[in-house]
Amino acid sequence: MFFTCGPNEAMVVSGFCRSPPVMVAGGRVFVLPCIQQIQRISLNTLTLNVKSEKVYTRHGVPISVTGIAQVKIQGQNKEMLAAACQMFLGKTEAEIAHIALETLEGHQRAIMAHMTVEEIYKDRQKFSEQVFKVASSDLVNMGISVVSYTLKDIHDDQDYLHSLGKARTAQVQKDARIGEAEAKRDAGIREAKAKQEKVSAQCLSEIEMAKAQRDYELKKATYDIEVNTRRAQADLAYQLQVAKTKQQIEEQRVQVQVVERAQQVAVQEQEIARREKELEARVRKPAEAERYRLERLAEAEKAQLIMQAEAEAESVRMRGEAEAFAIGARARAEAEQMAKKAEAFQMYQEAAQLDMLLEKLPQVAEEISGPLTSANKITLVSSGSGTMGAAKVTGEVLDILSRLPESVERLTGVSISQVNHNKPLRTA
């Protein structure tokens, strides 16, 4: 069976197979029931109020002393723990405290007997150290260590301490009055000097403050310049890094685009090659065959057109020669006719002229009445006497024709009525 204990306690296991007994301070231990037994001892710190009433000092003056001591069983030291177990195992904390208290009180009384009241009263530290030293060397053999010892109180029933203090008090009061007067004197001197030093110190302080402010402003300006410079450098470096990063990204993007474009070009080239092959198979070969056929047809049509052009040229040439011959024959016939007319005019003179005039007279009448044929509407205005309507138009035309011989005579000097009067009658 396992048993445990805290750091303020120690366990001692004895019995079967436990020789010497096992001591465990703050831990656990295995115990065989019935054949082994376990005991515990406290390691708590004990506070002891050590009182020594009416102890005679070296000069025979009885006084009472009260001290405060802190003691405990030392569990970390195996030898001291073994000694404590031998001395106090099975005892309560109160019993252990009583034993330690009696031991300390005895040593305290012994130290008091070897010292005077003045030594104990004036040098408490020396008294405490002697009690601590003597008691520790004795209690350590019991496994107890003295943690601390302090002198708490000193008093007596004979007013020895009070009487001892009166002379000292009177001397102290005298010294106090003298010291007070000297202090006031020195205080006045020191006060004046202090005021002077204060003014000087204040001036120096203001000067130092001004210098410090100046140095602060200068250093602050320097630091601000450096900080702004570093910040500007950092911003510039950041911008440069951003620009470099953007440039790298752009270069990578361009490289990717170049690769993609190269891949696209390769794909397009493959597609072009495939289409060229397809075009070669589907279009070019049939087109070349068709071109060859069309070239043959064009050459045949060209030859045919050349032959047709040559035939047309020959036909035009022959037609031109025929027309030229016809024109020449017509001209010769007209010339002969004109010659014959000239002979007839020579022979008949005025009769021939009259015949020619009469031959052209219908044309003259046609030209005179031509404007009337192109008129869309004719409006006649009459005063109420004479003919009306179409008879009026006919009369007007006949009136114009009746005046024609006069016009011919004025233009040519030939009188149609006279020539007609002198013309001999034709016989059948």
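Using N, Cα and C of the backbone, Cβ positions are placed for all residues, glycine too.
Under the heading phosphoserine, Swiss-Prot lists Ser19, Ser163, Ser385, citing similarity to another entry as support. According to Swiss-Prot, the feature phosphothreonine maps to Thr387.
If you measure from the Cα atom of Ser19 (phosphoserine) to that of Ser163 (phosphoserine), you get 64 Å.
Of all Cβ atoms in the shown protein chains, 8 besides its own fall within 10 Å of the Cβ of Ser19 (phosphoserine). Around the Cβ of Ser163 (phosphoserine), 10 further Cβ atoms fall within 10 Å across all displayed protein chains.
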